[in-house]
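Enquirer: If you scroll down you'll find the structure; I have some questions about it.
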């Protein structure tokens, strides 16, 4: 089939000449249109406030890149953007690794043990799928406030950490692991946790990596939850703090710094997605199954 | 499917499950239960006592014209987001599928917006359409169109729809592209031999073959529009003008946190719970289909 794809017999499936050329042109136009908002943000992050305020703003980068980015990173508006980047990183890593860890353990328990209530617990985890944070914001906020976890990393991470999706994914994968491996481990007298760490975990590497890409982006891009529980600017995440950089009332927003911040806010997830593209696509498809 | 070989004991598996169960219990089930419980009461103005009102909060809610309007807004918003994100994605995927060389490069470029948070996307689009300095607003003005999404409800809706759909184009593109690559080339070639032109082949053969992916994406995008677009709305319009972009999730936030109307907010949470439940069931039905296809 691949050969046919490369050299289509003439007249069968047109993939030549003007058709191909037109396809490329349309594709490039599509990519440009999709990219335009990001390009414009980047351009704005390299100009002065005056240059941007003079409509129409330039469409090519200016000379203030370093100044705007260092302004953003080290002074920011309410808090240096560097601080918000660290907070976002802690939150995204905490959520991604936390979800993976507790899901691996639960999937292991559900697949490799028989114990009373197994089915019940499985369904309990399943039902969390139906309780997104947007649906339970006020009571969840009250719980977190009750624990004194407002403005803390644990408050940012813990309430988002249960994961039905990750648990299912690992369960699915464990079920495909040959029984002989567990049998051999049992005959050798290996304890369950030994089997888990020495055999199951190394075998799950690719699944873990693929899931990590998806969950890192999920954690990094959270907005509503940090908005509710981080009243102290020192604890703001970058995605949520971006909006806080806009002045209230009629003051003019500091667009160059705001746009530099939005570029900084998208760089880490973009790097993760682009550099781990194959894993990302795999994770995307897997986690939606 | 079950494992034949299992380990013995019940204490260890319980310990393994404990972290997940504790987190679910404390931060998921208890708050959800609390929402259901609170929806049956109204607190007195000083928050000292609660009065049981049965389904009073729900009755009040559905008699509230703003809440009913929010339902309509959500329906319009999610339909538009779904269409605006799926149609261009399908078009781009069809183009990419026709290319033998370069499809990978285009794909890498098109993935970018997926990584951009909805709230950041909101700021990018706000910047382009800002009434004072936005480039697009400026050129619209030059062409004689007075753009003002701060005052005009339809323009506000249009802007939040496009900003929400933008990142989803990447997502939908990836799924459509993968699905197109899986369409058997022999079927297409047979049709080509019969003399069917490209678009005819597309509508009569390819599109029907893509329907499992389309159903799946429809549901997933509706879920996205319902629950994950809060950041876009909050950064661009804050639900305005005149609540024209107040979708249900935004209203729970606005009434519960800004308005401090706990009874109503809890009742809204319960309504949303029902909606999520319905959508989850729908999702599983369609995913089921997709898998067996």
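Numbers run from 1 along the shown chain.
Cβ coordinates come from backbone N, Cα and C, glycine included.
Feature table excerpt (TrEMBL):
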- B:71-283: domain 'ABC transmembrane type-1' (DOMAIN)
- B:12-30: transmembrane segment (TRANSMEM)
- B:71-96: transmembrane segment (TRANSMEM)
- B:108-128: transmembrane segment (TRANSMEM)
- B:156-180: transmembrane segment (TRANSMEM)
- B:201-227: transmembrane segment (TRANSMEM)
- B:266-287: transmembrane segment (TRANSMEM)
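Help me picture where these features are in the structure shown.
Expert: Packing against the transmembrane segment (B:71-96) from elsewhere in the chain are residues 103, 106-107, 110, 157, 160-162, 164-166, 168-173, 176-177, 179-180, 202, 206, 210, 214, 217-218, 221-222, 224-226, 229, 243-248: each is 6 or more residues past its ends and has a CB under 8 Å from a CB in it.
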Enquirer: Please identify the stretch among B:108-128, B:201-227, B:266-287 with the greatest number of Cβ pairs below 8 Å relative to the transmembrane segment (B:156-180).
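Expert: By the under-8 Å Cβ criterion, the transmembrane segment (B:156-180) pairs most with B:108-128.
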Enquirer: Take the transmembrane segment (B:201-227) and find every residue of the same chain, 6 or more past its ends, with a Cβ under 8 Å from one of its Cβ atoms.
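Expert: Distant contacts of the transmembrane segment (B:201-227): 74, 77-78, 81-82, 85-86, 90, 94, 164, 168, 172, 175-176, 179-180, 183, 187-188, 191-192, 247-249, 275-276, 279, 282-283, 286-287, 289-290, 293.
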